[in-house]
Structures are given as C-alpha cells and as structure tokens.
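According to TrEMBL, the active site, proton donor/acceptor annotation covers B:C74, B:C186. Per TrEMBL, substrate binding site is recorded for B:D11, B:S12, B:Y43, B:G44, B:N75, B:T76, B:T187, B:H188.
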Number of protein chains: 2
Amino acid sequence: MDSTRPIGVFDSGIGGLTVVRALMERLPLERIVYFGDTARVPYGIKSVATIEHFTAQITDFLLQQNVKMLIVACNTMAAVAADVVRQRAGDIPVLDVIEAGARAAVAESRSRSIGVIGTPTTVNSNAYARRIHALDPGVRVYSQACPLFVPLVEEGWLDHPVTRLTAQEYLKPVLAEEVDSLVLGCTHYPLLKPLLREVLGPGVRLVDSAITTAELAAAKLHALGIASSHAGPAGYRFVVTDVPLRFQTIGERFLGRSLGAVEKVEW
Amino acid sequence: MDSTRPIGVFDSGIGGLTVVRALMERLPLERIVYFGDTARVPYGIKSVATIEHFTAQITDFLLQQNVKMLIVACNTMAAVAADVVRQRAGDIPVLDVIEAGARAAVAESRSRSIGVIGTPTTVNSNAYARRIHALDPGVRVYSQACPLFVPLVEEGWLDHPVTRLTAQEYLKPVLAEEVDSLVLGCTHYPLLKPLLREVLGPGVRLVDSAITTAELAAAKLHALGIASSHAGPAGYRFVVTDVPLRFQTIGERFLGRSLGAVEKVEW
C-alpha cells in the first residue's frame, strides 16, 4: 500500500479534533483527512439504528478519499457502530478510541478498578466494560454518563464554577468506588483535564484516549510498513457537513492551532 | 376548508411538545400532527443554510398530511427559516413562536424594556428584536444566549444548584438592564419557569411563548372559521425521525401526559 495515502479520522462533530491534534504531534509526517458530521451532531443522544446509518455514510466517504487507515474518533460511533466501519473497510485497518482507551486503562491501573465517563449512549452501550473485560476479566469497571460535559466544553466553561459543581456531582459515585484510573470516554473531555484532576485528586490517573489512539495508530502503521517517511509538509483536510456559528473558535480550541480552510460537503 | 383537518406543529426535537401541551389545553377539539426532527436535533448550533434545508423538508411532510394550519414551534426555525415555511405553505396559515412571543411581550411590558433568552442561533438572528420593533419601535430589547439551558432541561436538572448557578450567570446582564418582561425564546425553557422566577425575582414577568402561541392559534382559527367544532375525541399523532434513549421519559415531561404511540419516519 502507498504510504503517502492519508489517514481518515472521523467524528460526529469537532470533538475528534483532539485525536487529530494528538496524531499531528505523534505522527507529523502523516497526511490526515478529518470528517466531522457537524450538521447532525451530537450522536450521543440518538438511537443505535440512526448512528449506524450515519456511520456507514461517513465511512464510505472516507474510503472514497483513498485513506490507508480509518480512525473512529467518536466514542459513540465506536461504541455502537465499529462493526459497520470494519465491514465496509475491508483490508483498510480500523482503529477506534474505545479500543485504545481500554488498552491504556488496563495497562495503567494498579488497583484494577477503572472508571469510565462518556455520553449516555456510550455508557449505555457498555462498550468500554466489554473491551476492558476482553483484555482482563478481573478488572472492575464503573461507568458514569456525563451528558452536560459536551455542552459545557462547547460553551468554553473549561474552568468555571458550574463545570466544577457538575463534575463533582457526576464523579461522586465513581470516586466512591475507589477507582485509580478514569477513562475520558468522549473526545470533548480532554479539554476538561485540569478541572477533572482537581475534582478527582491525586489518587486517580486520567486516561486520555486521544493520546492513546495516536500511540496505537503509530504502532499499527509501523507494524504494517505503511508509516509515511516523506519529509515534506504534511497535508491536512477538514471536511464537515455544516459550518455553524462559532465553528472556527471551538474547532481551534480543540485542535490547539489554526484550522485553515474547512471544506463543506452537501448530503 | 374542512375544519376537521389537523394542525401541524413542528420542532427540531421534542421541545415543541410544550406548544402541543398548551394547544391541547386551549383547543381540546383540535387534531394535531406533531413532527420532531430528533435525528438531527439540536438546530440551535447549526448554520442558517442547513436549518433552511431541514425546515423545507419538514414543511413538505406536514403539508402532505393535509394540515389546515402550520405552527413553527421551534424558535431557531422561526428565527431563520419562517419565510421558507410561508413560501411553501401557500394558502395554509402559518404561526410561529417568535411572532406569538413578541406580541405577548409588547402587550405585557410596562417599562418597555424587554429581555429575550434563547439558543445562540435564535439570539444571533435578532429575530425577536426585529419582530418586537415592528410592533413598537420604542421598546428596548436585551437578548442573551443560554446554550446550556437545553441540555440542563434534558438532563432533568430543573431545580438543581448547577442550573441555578448557570441561570444566575446568564441572567446577570439581562437583570442589569432592568427589564420587566423576559421572553422564554426556546421551547425547552418553560420547564425552567419556577427556577427562573426565583432567580429573576418578582419584578420580571415571564412570557411563555407556548401559551401565547396557543392563544394566537385559537384566535386565528376562529377568525378564519376553521376551528374544529367536532365533539369527538381529538386525535394526536407524534412523528419523529429518531426514537432515542430516554425519548419517552423526556417527551412526557414536556407534554405533561403520556405520549402514546410514536411514529418514526425514515429519510
């Protein structure tokens, strides 16, 4: 396979840009095509059938862009529709944030008691617990849905009394279970890391699946011999289904740098 | 026109059920077809072009159901796409929550200083200020986007310290302007009335556009001679594009009674 082909990364909206950011840092020579379904975001409150249908559409679009690897950078899609992606992808390798997060959590936890936070759909799918138990059946997993974290991040209230109070409320039952690792099971959550560290205290390590996904992608590309070795400037494309108000501001907060030109597709 | 034809009410999701509830109480003999675009909700964070496109689809669907009146029960659609509805509706009368809210606010305000709260798209459209000024150019209008209120209502935190703190923060600039009326410019907000009354104090009257829309609908139906006089049981249909987790629970909280069977359309 031609190693100069891009990596396809997709999410229901802009949260997956935290994964792109980690990929840019870990794999600076790779080309990336990012797809964000901003016209239909958020997925976390939708039914499984609808999420599968949307996921299939996005997968087909990225396969048409001739990607060499697909990364499901949306926990909700990874939780309920990863099989849809793998079926359509054929020989193209597929990674997802849940696989990456589960592996990192099992590797890091000493107490073998792991917390997972995510959207209602991700948590109700039980996908993290299943992946973690497939790796180590003896680990205890405590999950908590945090539906307000996404809107709080998008409001930019990253260090705000409302967000702190919300985090205290959501994390109380998780803390009561004495977990030593907490998986950030939603791509929006890495932006809350400083506040979550404060609320959780020093006894709990945060597992940022954006970073762990980039690590897994690097290992997989090298194992398959398709990592880019081209020293030229990497090419980044950002494709969305809608360019709403505040898109640039919020997107750049996630990406940690300028987004440049954004392409909009019409469906 | 046949007065037994139903009224078509639509929203981006389930918030418009607060308008249906008000219609059921004010006009118990009317049949209602409700359409909620739950697969693509929320609209308040999407672009104008996308909202116009979605609105046109929904309008066409309801016209096919042979409705005698259309009610745009979504402030975001009313703010940016009411003309799309009116163009397609032809002779069928069209009401919208912004028209109704603006009229009621102008009628109720003594100080002629009116506050409006809504989603970012509604507030940025300036639709309330334009409608209010068309009725009375001398009224001062202060608008405030409250993007977290919708997710807080859907989380069910109607009387919660986080919601109170959020309301205090959002309403501080509005209170500073000494308004005497506050238009609830989003169909989710009527569920926050008790908490908002507490935060605002006795000097500010809340304008609930669900109730004012039902009043306007009653007046219009009678003026046109198409109000239903049939004393049989009224028929209610609820059509959505997705039936997500917690739909029944949240929907019944909005409607104030059982939803019964919900139909799902595939697009």
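Our numbering is plain: 1 for the first residue shown, then up by one each step along the chain.
Here the Cβ of each residue, glycine as well, is placed from N, Cα and C on the backbone.
B:T187 (substrate binding site) sits 7 Å from B:C74 (active site, proton donor/acceptor), taking the C-alpha atoms as the reference points. Fewest Cβ neighbours within 10 Å among the binding-site residues B:S12, B:N75, B:T76, B:T187: this applies to B:S12. You'll find the Cα of B:N75 (substrate binding site) roughly 6 Å from the Cα of B:C186 (active site, proton donor/acceptor). Same-chain neighbours of the substrate site beyond B:D11, B:S12, B:Y43, B:G44, B:N75, B:T76, B:T187, B:H188, judged by a C-beta within 8 angstroms of the site's C-beta center, are, in sequence order, B:G13, B:G15, B:G16, B:V41, B:P42, B:C74, B:M77, B:T119, B:T122, B:V150, B:C186.
For the recorded site, B:N75 (substrate binding site), the DSSP three-state label reads helix. For B:G44 (substrate binding site), other Cβ atoms within 10 Å of its Cβ number 28.
Annotation for B:C74 (active site, proton donor/acceptor): spatial neighbours B:F10, B:D11, B:S12, B:G15, B:G16, B:Y43, B:V97, B:T187, criterion Cβ-Cβ under 8 Å with sequence separation of six or more.
B:C186 (active site, proton donor/acceptor) sits 10 Å from B:G44 (substrate binding site), taking the Cα positions as reference. Once the Cα atoms of B:D11, B:S12, B:Y43, B:G44, B:N75, B:T76, B:T187, B:H188, the listed binders of substrate, are compared pairwise, the greatest separation found is 13 Å.
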